[in-house]
């Protein structure tokens with residue numbers, strides 16, 4: 001089962017990716033992890049990636065596709081894989097197709113921007129333990145304090161409203177066109193495309209995914 005997850009940052013992909021990995025026994029492939037592993041391994045592709053990153057440039061689509069091909073040929077991907085954060089653009093999706101990387105399901109997590117802003121901006125973290133709260137959906141017992149230690153909670157830089165809105169603009173410009181791309185691919189019988197209502201509670205989203213994936 002080869003799956004691509006689409007959706008804006010904060011749409012709940014991470015939570016459900018965990019569930020899909022456990023239920024279907026497939027690994028999640030993130031391009032960031034893949035690049036780090038390739039550089040660490042010192043492979044030919046890793047060396048190329050390191051040179052590009054050391055020069056402060058963006059790794060080319062060709063190189064990322066080559067890394068994806070190498071990664072999915074590994075034993076743990078025998079039953080499939082879950083791609084999150086890639087492809088991000090139509091040229092990347094085209095390059096994947098040309099490289100013969102076929103996908104069984106493309107799942108779009110649909111959540112309105114304002115709800116995403118609400119979800120992310122309301123997050124508060126206790127940095128030492130990694131505990132995460134939300135002012136509206138999962139508040140601490142005492143406002144601004146960690147339940148266990150009573151220490152101050154903080155807001156991550158990435159969770160500030162300005163940053164979140166900027167990331168959403170980027171998503172709509174770069175990645176949202178993939179929704180049309182994969183809808184057409186599904187019409188042509190090349191993949192299955194499903195839109196998931198990401199505003200629903202976690203358990204309901206999970207049940208919807210089970211129904212789609214079987």
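Yeah, the Cβs are placed from backbone N, Cα and C, and that goes for glycine too.
Together with 10, 11, 12, 13, 14, 15, 123, 132, 133, the ATP site in Swiss-Prot holds one more listed residue from 192, 200, which is 200. Relative to residue 156 (AMP binding site), the recorded positions with Cα atoms inside 10 Å are 123, the candidates having been 12, 14, 123, 133, 192. With DSSP states grouped into helix (H, G, I), strand (E, B) and coil, the region 'LID' (122-159) comes out at 3 helix, 12 strand, 23 coil. In the three-state DSSP reading, residue 192 (N6-acetyllysine) counts as strand. The two recorded residues residue 31 (AMP binding site) and residue 12 (ATP binding site) have their Cα atoms spaced 18 Å from each other. Binding of ATP is attributed in the record to 10, 11, 12, 13, 14, 15, 123, 132, 133, 200, and the widest Cα separation among these residues amounts to 20 Å.
Distances between the Cα of residue 59 (AMP binding site) and those of the recorded positions 12, 14, 123, 133, 192 are shortest for 14.
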